[in-house]
């Protein structure tokens, strides 16, 4: 009888060991699933990388506090004034004179105006009135016909339209303002957030040419790369080099990334961004003017597919490419896109861990 009890105890112990082993395996699988993911945001300057980071804060980090919104006030002031100066430069470059006499004085005032570096000092009321009046001048559409020949921020029409609100003494930037506010990214900025079962470390890297040598520090153990391309830049020139087409520059940069030895096992998520501006621009500025082998006319889907094909052509390493049409300033669009991005990252994580 003692032998029987000993055998039962032995079997029970064996079952307990098996159960513990299964529990450990489940926990290990869970840890592998809830893995740390390093995402590198790459792309040329003004392709929308920093806007994506801001959207992650809105979607995954409870948005901006009033204090954080206030922090962008000075940036918005500078953006508004810089856009006005860019418009004035273009009017002078193309010998376009405002039709309303008062706008000649507004141009002189705006061109010499300097934003107060103290963010607590409201914008001079004369600035917002002068900007609004100049933007409404009948001569301005003639300037915008030359938009591919001079540099102005994509957000210029937005800020011009909002000039009166921005010029209010009580002005606090909205999240929409923050998404469109532009500061040059220098160095590398990390954002951390949780997305379902994934702990994301997202790195926003400076897009200007002078910043690219710093990317090397982020290359190790990258899970995915989100490469941002501004579709609307097909007729634009670089801020750093006015005779270099921005889309061709993006293709060169993408070539160097996708075929790099650092990214042999990395999935590339391609954000074909600024689709809203792309849609507006195609009817008035044919894509075929800049890419003569394109024959799809102003159809936005055909044009986007053509540019995607151009990016696929340089993918000689045959990395998995996951393209998405995006509008980085639209929170609902980015929320939907990142739901798909999460699935892509999760599937690749499962494959890497051997679960799939």
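Glycine is no exception: its Cβ is also placed from the backbone N, Cα and C atoms.
Here is what Swiss-Prot says about this protein:
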- 50, 185: Mg(2+) binding site (BINDING)
- 35-356: domain 'G-alpha' (DOMAIN)
- 4: S-palmitoyl cysteine (LIPID)
- 1-21: region 'Disordered' (REGION)
- 38-51: region 'G1 motif' (REGION)
- 177-185: region 'G2 motif' (REGION)
- 200-209: region 'G3 motif' (REGION)
- 269-276: region 'G4 motif' (REGION)
- 326-331: region 'G5 motif' (REGION)
In the chain carrying residue 50 (Mg(2+) binding site), residues 6 or more apart in sequence that have Cβ under 8 angstroms from it: 183, 185, 204
Helix, strand or coil at residue 185 (Mg(2+) binding site) [DSSP, three-state]: coil
Long-range Cβ neighbours of the region 'G2 motif' (177-185) (under 8 Å; 6 or more residues past either end): 45-46, 49-51, 54-55, 64, 69, 72, 75-76, 79, 153, 155, 158-159, 162, 166, 204-208, 211, 328-329, 331
Residues from the same chain, set at least six apart from the ends of the region 'G4 motif' (269-276), whose C-beta lies under 8 A from its own: 43, 47-48, 52, 154, 224-233, 300, 304, 307-308, 311, 321-330, 337, 341, 344
Long-range environment of the region 'G1 motif' (38-51) - Cβ separation under 8 angstroms, sequence gap at least 6: 153-154, 179-180, 182-185, 200-208, 215, 218-219, 221-230, 233, 238-240, 246, 249-250, 253, 257, 271, 273-274, 326, 328-329, 345
Whole-number mean of pLDDT values that fall within the region 'G1 motif' (38-51): 91
